[in-house]
Structures are given as structure tokens and as C-alpha cells.
Ligand SMILES: Nc1nc2c(ncn2[C@@H]2O[C@H](COP(=O)(O)OP(=O)(O)OP(=O)(O)O)[C@@H](O)[C@H]2O)c(=O)[nH]1
């Protein structure tokens, strides 16, 4: 069977479980996950090698494939420049795709499930939420209706609802769009992921690898590190602080490999200390009050962010890590187009490359 390959974007509303699914399929944490909506700000490519599956009883099997999974920010109506940038990332991720996974959180109520409400009660709050939820669904659907590629409906979080609730959900969504397939899964519990993969490979065209076999992502480590720091901020701080925060890596010094006199990399004796990567990162927020929260009493919050992030960064890089964090105020940065564009890791990468070229040029 000829090899298959293709780009598959994962889209859905904030908090539907897109990043959890990406990580679960890859078997490695690439995208940060929190219970807070709008955690993902940029599109992330995860490269997944799927081995050949031979035909078996009742199983059609499939050829070996390389799937480039593209995680995207949650689909939402943009308010700030940052929101607009996030939605641009979604649009970019939908361009010339081979397939799209439209992921829906099954724990969200269906609009018609609402009973008539009494005014001023908790129900009116719920109704508002359901209406908001419907508006977001409509917005997300309007995006997928424009697509020419097959769209698979992925009903996520089935571990959190009774099985009997699934059928009405499938019926509801099937009236809204003609999906190429419907697959109920639990990204968190890794249920039905193999079936989902079979269906994804089934939609891919024949083709060669886009990325080398063992490359997991196109995103360089320094940007994964920035995301790990942002994840800890999302987890440890509340209210508007996580949303008003951006992390920029200012220094990323990898340890020089020790070379033998013939220029080969020296083997590290067993039990020897791991080398150190030195990292400095700036945490941007919008107001001095937020800066105070991020630093905490006598620096306790910043220390906690640093020490929890360091552990994750060490296991990502496989070295020890010396991590310095600074908090800086950049008023209203989310509404500054220039600042938001500078946060794009692809642009930062271009700037780093240009700087290095300049430094290497002989006078
Ligand atoms: N019960 C349950 N929870 C899940 C499942 N998948 C994800 N979650 C939880 O849902 C929350 C949101 O998950 P994410 O993966 O960050 O969602 P997302 O769609 O990437 O969110 P944004 O980045 O905001 O767009 C987290 O608390 C996850 O642990 C699942 O299969 N079952």
C-alpha cells in the first residue's frame, strides 16, 4: 500500500480539548493544556508517524502515513488585536488542508435542551450561556462550511457524560453539517483514538513525508519553553492575569558539546552531572497591579512559576536548566498590533536568524 501524508487541522471552540487531543495522539506533551479557555494562541504542528495496519477480520487496515496535526486557538469572536491574531492563526490552519477535525465538547448543553426559564433566576444565567454557546458554535460552523476538504466530527469528553446522551448529540450535529465521519472520543482517557487515527489516515492522499521521520514538531525548543512558562502562569494566577500575559525568551544558551581532540562529541560518563541550558525569559503584562501579582509577596509567585516551569523544561530539553524570569509592563499590549505580531514565534525566529547572520558577517 503506498505511503500517505497530509495536514490535518484540529479546530473547535475554546476548551473543547484540541490541545489534549494533539498531545494524546502524539504521546508527548507538545501543546500546553489548562482548564482555562483560550490557552492556545498560535497554531502548533505535531508530526505523527502512523505505522502500516494490515487487513484483519472486520478491519480494512491502512497504509503507513505521516499526519501533520495542526492545533489551533479556540474559535471565538475577536475583541482585541491578540484575538484577531489568534483567529488569523485559525484561518491559516484551515488553508489547503487535507482534512479537518472539528472537535466538540459533549458536556456543553444543546440549545433545545433548555427548559423555559423564570426571570432573574440562575436559569436565565444558564440560558445566556447556552445562547453564547450557540453563537460560538454557529461561528465555528460558518468556518467549516467554507471548506472543501473532508471534515470529521470529533465528539470529545465522552468519559464525562452517560453513553445514552451521545445519540441526541450526533443527531443534533448531523443536521448542521455533512460530516465525513463522526467519532466519539475521550482525549483525556485516550478512548477511541485508534479508530480516529484509522479514519484520519483514510482521508489522506498518497504522498511522501513532509518532515523527517523523527521530527516531532516544526516549533523550535525555545518557543516550547516559552509556552511551558505561560502554562504555569495560567495555572498559578487567576482572573485577568493569565490573559494579559505573554512570555518572550530573551536568552537561550544551549550547553556546548564537549569535543575530543578529533572533534567527536565526548561520551558523558555514567552518573556525571547533566550540562546546563541557560534561559532568560521576560513575562509581559499590561499593568503594574498584574506585575505585583506575578511577582507575589517577596517574589514567592515568580519563584513558584520558575521552579514548576524549570522541572518541565528540564524534562523537555534533557539538560539541567538555569532559568531567570523578569516581569515587564507593556500597557495594553493585547491591543498593539506591532507587539502582538512580534510575539509570533515564526517572526521571532526570522529576527534571530537575521541577528546571527549580522553577527557572523566579517567587518
Ligand atoms: N473530561 C474530559 N476532559 C477533557 C478531555 N479532553 C480535554 N479535557 C479538559 O478540557 C480542558 C481544556 O482542554 P484543552 O486541551 O486545553 O482545550 P483546547 O480546546 O485546546 O482549549 P483552547 O486552547 O482554549 O482553545 C482541560 O481542562 C482538559 O483537561 C476529555 O476527553 N475528557
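Cβ coordinates are placed from backbone N, Cα and C, and glycine is handled just like the others.
Where the annotation comes from TrEMBL, it is an automatic prediction and has not been curated.
As the structure is a computational prediction, the values presented were derived from the model and not from experiment.
Note on residue 12 (GTP binding site): other Cβ atoms within 10 Å of its Cβ, all shown chains, come to 25. Annotated GTP binding site per TrEMBL: 12-19, 71-75, 156-159, in sequence order.
TrEMBL lists 4-206 with the feature domain 'Era-type G'.
Counted with DSSP, the region 'G1' (12-19) comes out as 2 helix, 1 strand, 5 coil. Marked as region 'G1' by TrEMBL: 12-19.
Summarising the annotation, TrEMBL assigns region 'G2' to 38-42. The helix, strand and coil residue counts that DSSP assigns across the region 'G2' (38-42) are 0 helix, 0 strand, 5 coil.
Averaged over the region 'G3' (71-74), the predicted model reaches a pLDDT of 85. Annotation comment: TrEMBL describes 71-74 as region 'G3'.
For 156-159, the entry in TrEMBL reads region 'G4'.
The 6 Å Cβ screen around ligand 1 retains 15, 18 from the binding-site residues 15, 18, 72, 75, 158, ordered by sequence position. Note on the binding-site residues 15, 72: the fewest other CB atoms within 10 A surround the CB of 15. With a cut-off of 8 Å between CB atoms and residues at least 6 apart in sequence, the same chain places 11, 12, 13, 14, 87, 90, 136, 139, 140, 143 near residue 75 (GTP binding site), listed in sequence order. Secondary structure of the region 'G4' (156-159) per DSSP, as helix, strand and coil residue counts: 2 helix, 1 strand, 1 coil. Around the Cβ of residue 158 (GTP binding site), the same chain contributes 106, 166, 184, 185, 186, 191, 192, each under 8 angstroms and 6 or more positions distant in sequence.
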